[in-house]
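The following features are taken from Swiss-Prot:
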COMPBIAS  356-370  compositional bias 'Polar residues'
CARBOHYD  ASN21  N-linked glycosylation site
LIPID     CYS340  S-palmitoyl cysteine
LIPID     CYS341  S-palmitoyl cysteine
TOPO_DOM  63-76  topological domain 'Cytoplasmic'
TOPO_DOM  135-158  topological domain 'Cytoplasmic'
TOPO_DOM  220-270  topological domain 'Cytoplasmic'
TOPO_DOM  328-370  topological domain 'Cytoplasmic'
TRANSMEM  38-62  transmembrane segment
TRANSMEM  77-97  transmembrane segment
TRANSMEM  113-134  transmembrane segment
TRANSMEM  159-179  transmembrane segment
TRANSMEM  200-219  transmembrane segment
TRANSMEM  271-292  transmembrane segment
TRANSMEM  308-327  transmembrane segment
Amino acid sequence: MLRATTSAVPRALSWPAAPGNGSEREPLDDRDPLLARVELALLSTVFVAVALSNGLVLGALVRRGRRGRWAPMHVFIGHLCLADLAVALFQVLPQLAWDATYRFRGPDALCRAVKYLQMVGMYASSYMILAMTLDRHRAICRPMLAYRHGGGARWNRPVLVAWAFSLLLSLPQLFIFAQRDVGDGSGVLDCWASFAEPWGLRAYVTWIALMVFVAPALGIAACQVLIFREIHTSLVPGPAERAGGHRGGRRAGSPREGARVSAAMAKTARMTLVIVAVYVLCWAPFFLVQLWSVWDPKAPREGPPFVLLMLLASLNSCTNPWIYASFSSSISSELRSLLCCPRRRTPPSLRPQEESCATASSFSARDTSS
């Protein structure tokens, strides 16, 4: 049986207690009171940070959408905010209530629903970043293909695929978790998971680490390498370009247009690099601790550093909105308006062209119209 303790967030990634042996089970409540208060304070801070950050950015996007059609970049950012808000509402908030009461207070159906939605938020947040990066790669490396698909709708294929995979990959939670007795005949119930085989826990936690963290990180990093290579190739003219102003059969645009496209591509590369670095830094501690806890029987599972690191599954959801807002002048200006910080309007001709670099459709539209 997979033991659900206050030291695992989400509790889908906890470690097992010895099944069928009440003497090996922990007491009904053996928490360190000080550590429990620190957990509650940390979870409360994370919840406020995730909800406020993503709520502000989503509000800025809604304000901008009322004045016209969303740019393709805004579609991805909007859905990433929704995914991160799902993390706050369905992962952090239930975990906060759970830690406050120590045991899960609710019927079996609610237990299964909470466990399912906790994983949906984790998957959706990771896969939306991957979908956005894949779209940026297509914009820069395959602009004609991107142009044929178009963009700007509130839903597009990468967004739908990201949500669909998140909903499907979270389904095992409904069958693994249930309200179960925490001891032999004690009558106390908690939302625990059980596996038919002793190796089931290790396999499941490793699978989640691969699908939520490792696979998306490798996909994002691979796109980053290809984007950097394309930018380097476009900025370093070959012999044919120097002789006739063409490369790869494409007609060269004006020097001003070429400089703007190059700057937009470079900005995309910088943003993607920041995303990869922050993504790894935020997720790595959590999953390293989770894997350590299930693969090493002697892991210090109850130590304060171990416990607190397991609370940081939602850290990436705090940083996502600010990364994209800092690289998007349009979102930044809307945020200033929301926060009552007026700024002198910049002429359209002088505004940064971040939307053209960040998504496939808008980048390719400019590229093909030159």
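Glycine residues also receive a Cβ, built from the backbone N, Cα and C atoms like all the rest.
For the transmembrane segment (38-62), the list of distant contacts is 6, 9, 70, 74, 77-78, 81-82, 84-85, 87-89, 92-93, 95-96, 99-100, 304, 307-308, 311-312, 314-315, 317-318, 320-322, 324-325, 331, 334-335, 337-339: same-chain residues at least six beyond its ends, Cβ to Cβ under 8 Å. In the predicted model, the topological domain 'Cytoplasmic' (135-158) has a mean pLDDT of 67. Same-chain neighbours of the transmembrane segment (271-292): 8, 13, 126, 129, 133, 136, 205-206, 209, 212-213, 216-217, 220-221, 223-224, 227, 299, 306, 309-310, 312-313, 315-316, 319, 323-324, 327, 358, counting only residues six or more beyond its ends whose CB sits under 8 Å from a CB of the stretch. Of the Cβ pairs linking the transmembrane segment (308-327) with the transmembrane segment (159-179) and spaced 6 or more residues apart, fewer than 3 are under 8 Å, so the two regions do not touch.
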